[in-house]
Amino acid sequence: MSSVKRSPKQEIVTQFHCSAAEGDIAKLTGILSHSPSLLNETSENGWTALMYAARNGHPEIVQFLLEKGCDRSIVNKSRQTALDIAVFWGYKHIANLLATAKGGKKPWFLTNEVEECENYFSKTLLDRKSEKRNNADWLLAKESHPATVFILFSDLNPLVTLGGNKESFQQPEVRLCQLNYKDIKDYLAQPEEITLIFLGVELEMKDKLLNYAGEVPREEEDGLVAWFALGIDPIAAEEFKQRHENCYFLHPPMPALLQLKEKEAGVVAQARSVLAWHSRYKFCPTCGNGTKIEEGGYKRVCLKEDCPSLNGVHNTSYPRVDPVVIMQVIHPDGTRCLLGRQKRFPPGMFTCLAGFIEPGETIEDAVRREVEEESGVKVGHVQYVSCQPWPMPSSLMIGCLAVAVSTEIKVDKNEIEDARWFTREQVLDVLTKGKQQAFFVPPSRAIAHQLIKHWIRINPNL
């Protein structure tokens with residue numbers, strides 16, 4: 001049988017792949033210097049030079065190709081990446097090189113354009129006006145201003161009421177109870193029993209200020225409607241509810257907080273996170289003595305005169321935010337995604353993997369570490385998408401897309417209960433039909449849902 005005649009390009013691709021398979025670094029370098037476009041060229045079976053080097057145990061070739069920026073996420077016709085091949089043939093050193101390499105070419109199915117979006121808990125009614133936090137006289141005047149808005153909390157649960165048309169078949173809208181000075185002045189008279197936080201001023205000037213023109217001297221009116229969060233103890237909260245039968249404290253936090261109007265949810269996220277910090281830091285982390293609240297609720301100051309925390313700026317004196325990575329892990333071929341579940345989840349719910357960023361760690365490295373720890377899957381390229389404040393009690397969810405460079409799942413049962421690859425079609429069915437399917441994902445107001453939808457929207461014709 002006569003052999004099929006190859007084109008000049010096919011011939012040079014074959015030579016390039018053979019040099020990788022044979023470990024001939026000199027020949028490989030020479031070919032690539034004349035034809036750099038060959039770096040990610042595939043053979044008829046979908047293999048790249050990187051795959052041939054991984055299959056035949058040539059770490060120096062693998063290292064060279066990685067330094068040139070080859071794409072580790074390419075899959076062959078057997079749905080294997082170069083890392084999968086190295087692991088299968090037992091080349092641990094090469095597998096480690098492929099798993100830990102950074103940079104490289106962005107996978108073809110990811111776009112360069114990432115539209116900025118506002119997730120739930122991100123929108124707000126307020127300008128925080130941080131420059132007013134040190135102005136004690138201004139804050140005191142605003143506390144008693146008739147237009148000032150107070151939102152009440154007990155055990156970090158906001159006081160709400162049902163809005164909208166109660167005769168409608170739709171679920172009633174949950175809204176914050178916006179209280180005024182007269183409603184809560186008795187609590188303000190007992191500062192040692194409450195926690196008061198200045199949240200900011202309304203972004204839009206309100207006509208309601210005109211209603212109080214006679215109550216506030218004109219020279220003292222600055223046109224700003226201030227908002228405060230007020231934390232009270234459970235006994236006081238119960239007494240307040242008895243006097244206001246149409247109000248109740250919204251709990252448990254999840255999923256109850258997802259019922260709020262979007263802009264009010266942003267206010268609650270701010271207030272709840274700061275109140276949670278105060279509930280945990282009543283005593284100085286440096287020396288153990290008591291502390292007092294300053295700067296409108298955004299600082300705690302130690303009462304001990306010689307405490308080191310009084311010298312300089314210390315992060316223990318200010319509200320903390322815990323950064324968390326949450327990632328939509330994409331299969332190397334771009335057609336599937338990795339979702340997992342914890343034991344505490346409702347039956348059938350799967351979501352994006354997530355975990356806290358550790359000290360001295362980048363977002364990208366945290367994504368790679370968490371995915372591998374929980375699922376055993378190795379990740380290469382990481383791309384930021386959007387973020388979401390998450391007041392449980394004070395996290396910032398940093399949403400990313402992460403492209404896998406291996407496909408075998410090995411779940412750590414101490415981390416999660418299960419993890420699986422789901423096809424684009426399966427995920428689309430879940431997004432359009434909801435819980436009618438065999439599994440479901442978090443609601444639309446969770447960033448995990450938005451990351452999943454973001455993946456579906458890119459390259460929809462795959």
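In case you wondered, yes, glycine gets a Cβ from its N, Cα and C as well.
Model, not experiment: these values are computed from the prediction.
Summarising the annotation, Swiss-Prot assigns repeat 'ANK 1' to 11-40. Within the chain, the repeat 'ANK 1' (11-40) has long-range Cβ neighbours (under 8 A, six or more residues past its boundaries) at 47-50, 52-53, 55-56, 58, 60-61, 64-65, 68-71, 74, 105.
Counting residues per DSSP class in helix, strand and coil order gives 16 helix, 0 strand, 14 coil for the repeat 'ANK 2' (45-74). Taken from Swiss-Prot, the feature repeat 'ANK 2' covers 45-74.
If one looks beyond the repeat 'ANK 3' (78-98) by at least 6 residues along the same chain, the residues whose Cβ comes under 8 Å of a Cβ in the stretch are 45-46, 48, 50-51, 53-55, 57-59, 62-63, 66, 72, 332-333, 378, 404-408. Under the heading repeat 'ANK 3', Swiss-Prot lists 78-98.
Taken from Swiss-Prot, the feature N6-succinyllysine covers Lys185 (among others), and the record attributes it to similarity to another entry. Over all protein chains present, the Cβ of Lys185 (N6-succinyllysine) has 12 other Cβ atoms lying within 10 Å.
All protein chains included, Cys284 (Zn(2+) binding site) registers 22 other Cβ atoms within 10 Å of its own Cβ. In the three-state DSSP scheme, Cys284 (Zn(2+) binding site) is classed as coil. Swiss-Prot lists Cys284, Cys287, Cys302, Cys307 with the feature Zn(2+) binding site.
The DSSP secondary structure for Lys292 (N6-succinyllysine) is strand. Counting Cβ atoms from all protein chains shown, Lys292 (N6-succinyllysine) has 12 others lying within 10 Å of its own Cβ. Taken from Swiss-Prot, the feature N6-succinyllysine applies to Lys292 (among others), supported by similarity to another entry.
Summarising the environment of Phe356 (substrate binding site), the number of other Cβ atoms within 10 Å of its Cβ, over all protein chains shown, is 12. What Swiss-Prot lists as substrate binding site is Tyr318, Ala354, Gly355, Phe356, Glu370, Glu374, Glu415.
What Swiss-Prot lists as domain 'Nudix hydrolase' is 319-453, and the listing cites sequence analysis. DSSP states for the domain 'Nudix hydrolase' (319-453), grouped as helix (H, G, I), strand (E, B) and coil, give 33 helix, 50 strand, 52 coil.
Around Ala354 (substrate binding site), a 10 Å sphere centred on its CB holds 23 further CB atoms from the protein chains shown. Among the features that Swiss-Prot reports, Mg(2+) 1 binding site is placed at Ala354, Glu374, Glu415, with the record citing similarity to another entry.
What Swiss-Prot records for 355-376 is motif 'Nudix box'.
Note: Glu374 (substrate binding site) has non-local neighbours Gly340, Leu353, Gly355, Val411, Asp412, Glu415, Ile416, Ala419, i.e. same-chain residues 6+ apart with C-beta under 8 A of its own C-beta. The Mg(2+) 3 binding site annotation in Swiss-Prot covers Glu370, Glu374, Glu415 and rests on similarity to another entry.
Its own atom aside, the Cβ of Glu370 (substrate binding site) has 24 Cβ atoms within 10 angstroms in the protein chains shown. Sequence annotations record features per position, and here Swiss-Prot assigns Mg(2+) 2 binding site to Glu370.
Non-local neighbours of the repeat 'ANK 2' (45-74) in the same chain are 16-23, 25, 28-29, 32, 36, 38-39, 80-83, 85-86, 89, 91, 93-94, 97-98, 101, 103-105, 107-108, 332, 380-381, 403-405; each lies 6+ residues outside the stretch with a CB under 8 Å from one of its CB atoms. Spatially, by CA atoms, the recorded positions Lys185, Cys284, Lys292, Cys302 include one closest to Ala354 (substrate binding site), and that is Cys284. In the structure shown, across all protein chains, Cys302 is the one of the binding-site residues Cys287, Cys302 with the greatest number of other Cβ atoms within 10 Å. Taking the C-alpha atom of Phe356 (substrate binding site) as reference, the shortest distance to any of the recorded positions Cys284, Cys287, Lys292, Cys307 belongs to Cys284. Reduced to three states, the DSSP call for Cys307 (Zn(2+) binding site) is coil.
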